[in-house]
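S.K.: Sharing the record's features from TrEMBL:
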- 7-29: transmembrane segment (TRANSMEM)
- 65-85: transmembrane segment (TRANSMEM)
- 97-118: transmembrane segment (TRANSMEM)
- 138-158: transmembrane segment (TRANSMEM)
Amino acid sequence: MLVLLAGIFVVHIATVIMLFVSTIANVWMVGSSNVGMASSGLWLLCNKTCEQLSVSRHDDASLKAVQAFMILSIIFSVIALVMFIVQLFTLEKGKRFYITGAIMLVCWMCILIGVSIYTARFTGRMPGFTNSHHGYCFILAWICFCFSFIIGILYLVLRKK
């Protein structure tokens, strides 16, 4: 049981780190142009230098929603990690980590909403660039989506023995 708890803890920490990286780094979409490679994220458009990401007035609300949901997913993931540590030392044997699992599933839902909005609104949209494709941050966000769901379910069914 100790190995299982340690494994879940390590995967949870890895998920938090990957969420930070995917939200902060600016490699959600990558494309090439006559100037060279460029990447865009949730915050900046980077070519040789980085500048504020400019989107149309129509897509501005969608970008703000993606930013908000990704930040919320980080917050909920960190809260779930703290709650896991607290419950690990305060719960009696045989009790389940319901609160931690519920918070992690809220994190899962925030990732789902944020990445789904980005996929629907911004995939393949890098004006002036050709051969645009998803960057590693986009892929990390979907990996975090899977990990947070698995961890949330494991917390709900896990008993401390």
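Cβ atoms here come from the backbone N, Cα and C positions, even for glycine.
Annotations in TrEMBL come from automatic prediction, not curation.
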S.K.: Which residues of the chain, 6 or more past the ends of the transmembrane segment (97-118), have a CB below 8 A from one of its CBs?
M.R.: 12, 19, 28, 42, 62, 65-70, 72-73, 76-77, 79-80, 83-84, 87, 91, 138, 141-142, 144-145, 148-149, 151-156, 158, 160
S.K.: Using a Cβ-Cβ cut-off of under 8 Å, list the residues of the same chain that are 6+ residues beyond the ends of the transmembrane segment (138-158) and lie near it.
M.R.: 4-5, 8, 11-12, 14-15, 18-19, 21-23, 27-29, 70, 73, 77, 80, 84, 96-98, 100-102, 104-105, 107-108, 111-112, 114-115, 118
